[in-house]
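This report refers to the structure that appears directly beneath it.
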Amino acid sequence: MVTLHESLGTIYDEVLHRNPGETEFHQAVREVLDSLGPVVTKHPAYTDAAVIRRLCEPERQIIFRVPWVDDQNNVQINRGFRVEFNSALGPFKGGLRFHPSVYLGIVKFLGFEQIFKNSLTGMPIGGGKGGSDFDPKGRSEGEIMRFCQAFMTELYRHIGEYTDVPAGDIGVGGREIGYLFGQYKRITNRYESGVLTGKGITWGGSLVRTEATGYGTVFFAQEILRSRGESFDGKRVVVSGSGNVATYAIEKLQQLGAIVVACSDSSGFVVDEQGIDLELLKEVKEVQRGRICDYVDQRESAELGQGSIWSVPCDIALPCATQNELDDKDAAVLAQNGCTIVAEGANMPCTPDAVRLFSEAGITFAPGKAANAGGVATSALEMQQNASRDRWSFEYTEERLAETMRGIHDRCLETADEYDTPGNYAAGANIAGFTQVADAMLALGVI
Ligand code: NAP
């Protein structure tokens, strides 16, 4: 573990003390603080104005009851969260996650990461995140709708185009955003398109938003390859997950000539040496709402994998499912098998020990706050279109996304060089993301 700069060590101890039991949040804070030693040495003003201590404390945390009635007429109670972490750069912005594992520590880790990610996009958006411990799996359409309506019945009073703009995340896709937006519109009597992103194309959404996070992660990895004079053509890639991010990462990888040999869900993983049949995968996951084993039943060249998905030999790995899904043992196997790039489509999928191992093994590591920023960047493009009552073409929007990802990639590398850690994308992303927010916080005074 890196020894923290003295003032950062004190801040980290305070974070541990004030937020007991929130291990994912501790991990996310520690990962950023590990990079900031040279920054506080060079810019004492950040410490003098307690910028980092303020950054570690959310501006506002909202926890609420979500009561709803299931198909059997039983009253169900879930817990809802919205953590409005930092609005120095713009309205709070970040997704909603519906998953049984959601608790305050998960929402805070995601909200904290979001501050730096949003800053890296160069767009005027602050950081926040929300969600619920509601489990959508196995719920009927009616139950999903009633839950979303109940959730928004409290959330609506905290959000708004200029205040806080939620989007999707695990368990929240276009269907859920539709029900959430419908309830917001009904309660407020306002067609306020800019209050949520990830909307459907016919009611204020942006083309490319659905694809953006997965495509963006691939564009980022493409920049790494380009810097080595290589391309995706013929590369073997393993992608974990089979949700929104994974699906569109696979789509773009295949368009660029890569062979995606494995993907997964929380029940297991499949190996398909012929390359994942994306149409079939979409049919199984989006239409049939089935499990990954259903893919194997419908595809001859595929088989269910044993052990860890990261044991499937590959040139490039894209973890696109969930936090801490790739540990040091997985990292060692990836290195042994000749993997040279790991780019995070998910948020914090690699454990700190895995990241250390990548560095020792010479694997290039692209952290999620940079590599998966394409989703939120395209959300900001959706907000631009909403504000100007405009609608852009797929090609134009995709080019804006690609350009943003190139920009983030270059900024990470330039910042890593500036702080004497050449090629260290994690340090570059943390420092570049931090300094922009920190300068805005200094300018806005102690608030
Ligand atoms: P999603 O559509 O709900 O898909 C999540 C995928 O991950 C599913 O295949 C799911 O499998 C799998 N998964 C979830 N929990 C798991 C676990 N504990 N173990 C193994 N697999 C698990 O969500 P998503 O939007 O693709 O999000 C995936 C990741 O990307 C998350 O870390 C999210 O925060 C991050 N991200 C998303 C966006 C975005 O725009 N959506 C933007 C930036 C970052 P099951 O179906 O079996 O649950």
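The chain as shown is numbered from 1 upward.
Placed from the backbone N, Cα and C atoms, the Cβ positions cover glycine too.
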Per TrEMBL, member of SER379, SER388, SER393 binding substrate alongside LYS93, GLN114, LYS117, GLY168: SER379
Residues among the recorded positions GLN114, LYS117, ASP169, THR213, ASN244 that border ligand 1 - Cβ under 6 angstroms, in sequence order: ASP169, THR213, ASN244
Closest of ASP169, THR213, ASN244 to LYS117 (substrate binding site), Cα positions, recorded positions only: THR213
Recorded positions near LYS93 (substrate binding site) (Cα-Cα within 10 Å), from LYS129, ASP169, THR213, ASN244: LYS129
Residues near ASP169 (site 'Important for catalysis') in space but at least six apart in sequence (CB under 8 A): GLY94, GLY95, LEU96, ARG97, LEU110, LYS129, GLY131
